[in-house]
Amino acid sequence: MKYLERLTPSCWRIKPGFVPNMKVEGRFYVNKALEALMLEELQQFASARGVGGFLPAVKQIANVASLPGIVGASVGLPDVHSGYGFAIGNMAAFDMDDPEAIVSPGGVGFDINCGVRLLRTNLTLEDVEPVKEQLAQSLFDHIPVGVGSKGVIPMNAKDLEEALEMGMDWSLREGYAWAEDKEHCEEYGRMLQADASKVSARAKKRGLPQLGTLGAGNHYAEIQVVEEIYDKEAAAKMGINKKNQICVMIHSGSRGLGHQVATDALVAMEKAMKRDGIEVNDRQLACARIHSEEGQNYLKAMAAAANYAWVNRSTMTFLCRQAFAKQFNTTPEELDMHVIYDVSHNIAKTERHMVNGTERTLLVHRKGSTRAFPPHHPLIPVDYQLIGQPVLIGGTMGTCSYVLTGTDTGFRDTFGSTCHGAGRALSRAKSRRTLDYQQVLDKLDKKGIAIRVASPKLVMEEAPESYKDVTAVVDTCHAAGISKKVVKLRPIAVIKG
């Protein structure tokens, strides 16, 4: 433990030397329970060599700290768990002016722009409870779900090219989004550096039939009810003004298209690393210099995949609005079904941050980590200037979700980043071995949660028991001051792939 040091009750430091070539320190945020999970994983690794195919999260955070061009610290957020290359819940920023600085697809993840969108309504629990089952069924019928699910939005190859370049502007033009939806979306739902020509034919082939589909795994659409309001002023700015108000949360990403973009880039970058003599501690950290051809190609393709994911969430928003309007025999406008915000938690972005007292342009990798900008930041919508950027934290099936806001402390300490959800505690394989799907469904039923699942066998992987406690994760971020609690939401109906 000589390389690990507790800095504050909720933050640990990983000192350089823990792994070779560390350029900056590592830091991770945990409370008592989460700390035990992190250190147990490390001890298991030390005694048994290996946790599945991944290194333990503490080691992964340290390996990222050894990548060329990194500044500040390699940061692990409270929901951190081991992933491909970077841990999921790891944030790292690289100096764009350093010719050696790199971009790594493992620092973004395979599901590019996997993210969360929250819609509010003017309905209350009393309105929805009697028709909960019908509403869940209606959502399930409207939104295509599951592993190979096909979209219902008519699309040809030309439409896909445009959607990849235009993001939510495409949804707006095609009539699937409201003008103000864009305002309440990170990047306004469109990354301008997207270049569809950098997305391979295979990725496009995978993406074409899947637009407007939910996908499987931890993706879901949830009908939620406001259970607690911690910050009345901030909640009011978001249009949340009472307990028992109904909201809808959509969690989805770029489906097979984003996965293929990441896979293609990793192949190209392995070659670039040999050519440029880039050495890394773990071959899963394949990367390329930001300004190399491979680095730029990846960033342009990643932006296109991110746009695809925003179009995807917009399409599902459209289908959600349809389902609600049909059930309540009115219009989505009458139901006040506005987007509160839409955040990404798997993405790399160019941002300005202070490093050692000077402002620098950085490429911030957030993998399983959410942007959380403070009040008055120029990149957040006018409506939220006084309270800070809304941050949406999805729980797991049957547990609570949270809305937080960004803070100045977070902007300084974690480059404006916070957690993204609960974070796995059990691997998918272990969840399947130890949990029984009927029990998982019965438990949800007892909590009064209506559930519709396309692939019941996947339920165990996503059972609350497979995850860390989302409340512990959010409370740790709140205690560390890197984001602030605003609202707690509880699910009453879940639609899953």
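Any Cβ shown, glycine's included, is placed from N, Cα and C.
Under the heading Mn(2+) 1 binding site, Swiss-Prot lists D111, C114, H219, citing sequence analysis as support. Secondary structure at D111 (Mn(2+) 1 binding site), taken from DSSP and collapsed to helix, strand or coil, is coil. Note: D111 (Mn(2+) 1 binding site) has non-local neighbours G253, S254, R255, G258, H259, N346, i.e. same-chain residues 6+ apart with C-beta under 8 A of its own C-beta.
Annotation comment: Swiss-Prot describes C114, H251, H345 as Mn(2+) 2 binding site, evidence class sequence analysis. Neighbours of H251 (Mn(2+) 2 binding site), defined as other CB atoms within 10 A of its CB across all chains, total 27.
Note: H345 (Mn(2+) 2 binding site) has non-local neighbours C114, G115, V116, R366, K367, G368, S369, T370, H420, G421, i.e. same-chain residues 6+ apart with C-beta under 8 A of its own C-beta. Reduced to three states, the DSSP call for H345 (Mn(2+) 2 binding site) is coil. Residues annotated as GMP binding site in Swiss-Prot, with sequence analysis given as evidence: 218-222, 345-346, 394-397, S401, 420-423, K496.
Around the Cβ of H420 (GMP binding site), a 10 Å sphere holds 28 further Cβ atoms from the protein chains shown. DSSP classifies H420 (GMP binding site) as coil under the three-state reduction. Look at Swiss-Prot and you will find H420 tagged as active site, GMP-histidine intermediate.
Sequence-distant contacts (6 or more apart, same chain, Cβ under 8 Å) of H219 (Mn(2+) 1 binding site) comprise C114, H251, S252, G253, K496, G497. With the fewest other Cβ atoms inside 10 Å of its Cβ, the least crowded of the binding-site residues N346, T396 in this structure is T396. Fewest other C-beta atoms within 10 angstroms, among the binding-site residues C114, A221, are seen around C114. Within the same chain, residues at least 6 positions away in sequence whose Cβ sits under 8 Å from that of G423 (GMP binding site) are P78, D79, V80, H81, I88, G89, G368, Y467, K468, V473.
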